[in-house]
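Engineer: Just passing along the structure, written as structure tokens.
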Amino acid sequence: MSEISRADVEHLATLAHIAMTDAELEKMTSELAVIVDSVKRVQEAAGADVPATSHPLPLTNVFRDDVVGHAFTAEEALANAPEAEDSRFKVPAILNEDDDAVTANTPQEGGAR
Amino acid sequence: MAPTPDSLIRLTAAQMSAKLRTGEITSVELTQAHLDRIGAVDETINAFIHVSGDEALQTAAAVDASRAAGGAEAEQLHPLAGVPIAIKDLIVTKGQPTTAGSKMLQGWMSPYDATVVEKIRTARMPILGKTNLDEFAMGSSTEHSAYGPTRNPWDITRIPGGSGGGSAAAVAAFEAPLALGTDTGGSIRQPGAVTGTVGTKPTYGGVSRYGAIAMASSLDQIGPVARTVEDAALLHDLIAGHDEKDSTSLAEAEYPEGRIPSFAEAATTKNVAGLRIGVIKQLQGSGYQAGVLSRFQEALDQLRDNGAEIVEVDCPSFDYALGAYYLIMPSEASSNLARYDGVRYGTRVLPESGPMTIERVMGATRAAGFGDEVKRRIILGTYALSAGYYDAYYGSAQKIRTLIQRDFEAAFERADVLVSPTSPTVAFPLEDKLDDPLAMYLNDVATIPANLAGIPGISVPGGLSEGLPVGIQFLAPAKEDARVYRAAAALERLLNDNDEPPLWAQVPALEEVTR
């Protein structure tokens, strides 16, 4: 049997920022149990001496000079924003408990306020 | 006699290119013929999420004008200039919406072009539109799209494969001669197999991924979709190469002989005499349909009869590939998809009640914006990466990746290319596996080892079983993509060496709607 409980899935959903109803949690728990049972065999295949591979190519860091290149204008950057105000992204409250929306800090040229 | 639109859309991309160059046809005629075809059949097929007729015709008219001007302007045109193309809607395009098949990005307009799209614009290929896919490329049937399933032109009650079912179906149904796809675990090759088309997953890093919406970054790769091996190679030649915007893209110097070979040229070398072809023991037998295995055996017989040396290779760790893939891919996806938080772009959904904090807005946004399969993979990935399970799951899966690479290395000492069926089954009926994630995942069993190892693979039509296409997959060592084109082109020629039209031309007529 799988070690995944409904409480585990609820915790994972919180970590992943996905709100789930009771019915969704039930369904996800049983689906995940089946999937995890089928993939857990991977533990038996490789011994301790086998190195892990995280990437198909040997990667090296790539550097370039830190110069100003093409950047989006505030207008372009905000074109897809769900809400914007005064050249900034507008988001719901982060710290305060009341229901008022506040404007988050966004990097932009000149601070046009 | 001027070709009728129907004969225009049934040409190969190479033939279109030749006829454009001689002036026998214009790009506007060719592009309009495809737009007419899309208008007539796409209500049934649903290969396109967005059609960009005006933009495509503008590009076509400009190419025709350059050609008519003659001189240097005409001579400098890319061979594929004026040949239309469709783009998988996971690849971002400026001026056309990009949805990734998700409600999360409904209405989103990318402020930039993917590098492959830039290359297509520079070559002046008219972009017909954006093709359907499983949401964020997660699926094997294109049923997990927020914009409805795509139907297989061979049988519209069946799936076109996935995630790139839209690109494959568009090409199979003559809605486009060429398309771009992305392949993380088989999303170009498996749709190619079940729609009777050709699809290549290039070597990891062979084509820039800048502007491909990330699913699993160590596995994702953009590649060509076409009806013939030569056409796929022509498109591959255009999109290959290093890109400073993708640090994982390969430099020319990293290829054998210090340059990227012409894949189109490789696709014309159709001789298999002396080619050592390794049959992967683990990718056949139980789980594979009898009809698929029959076509596979016939393909091997043809290759052997024409001078190829067929050997069996043993890749024991492949038995664990599916498990490793379904841990690594969701782990990377859960991280990549964390960016969809409803703050800077994309959908934002407010909770119906309770305090309106950003945490709760994110929860409601992701609950409403993501579909079931995406949620499943995010939760699975979050689990595999969580404290206490990381070593057992993600860590073990990464070790299997090493073992799979070793199996490939050993196999390629005995063979120049490896071969297997691309998919264990022909196209299955819509909704058949929608409620059984594990059964759906098994579609990828033959394609995922190549992604885990970063090597190139191609799917080429291998005939029909019960009236439905069967795909044959060739694999080669990293940076040896030319070898898969050689082997696939040879098999394509051998299987079409008869009086019948090629397989792709045998697709049943679709009922056309006049609007």
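Cβ from N, Cα, C; glycine included.
According to TrEMBL, the feature active site, charge relay system maps to B:Lys88, B:Ser163. Residues annotated as active site, acyl-ester intermediate in TrEMBL: B:Ser187. Summarising the annotation, TrEMBL assigns domain 'Amidase' to B:29-484.
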Engineer: Count the other Cβ atoms sitting within 10 Å of the Cβ of B:Ser187 (active site, acyl-ester intermediate), across every protein chain shown.
Structural biologist: 36
Engineer: Give the helix, strand or coil assignment DSSP yields for B:Lys88 (active site, charge relay system).
Structural biologist: strand
Engineer: Around the Cβ of B:Lys88 (active site, charge relay system), how many other Cβ atoms lie within 10 Å? Please give the count over every shown protein chain.
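Structural biologist: The answer is 32.
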Engineer: Give the sequence-ordered list of residues that share a chain with B:Ser163 (active site, charge relay system), lie 6 or more positions from it, and have CB atoms under 8 Å from its CB.
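Structural biologist: B:Ser163 (active site, charge relay system) has long-range Cβ partners B:Leu90, B:Gly101, B:Leu133, B:Asp134, B:Ala137, B:Met138, B:Gly139, B:Ser140, B:Thr142, B:His144, B:Thr182, B:Thr184, B:Ser187, B:Pro191.
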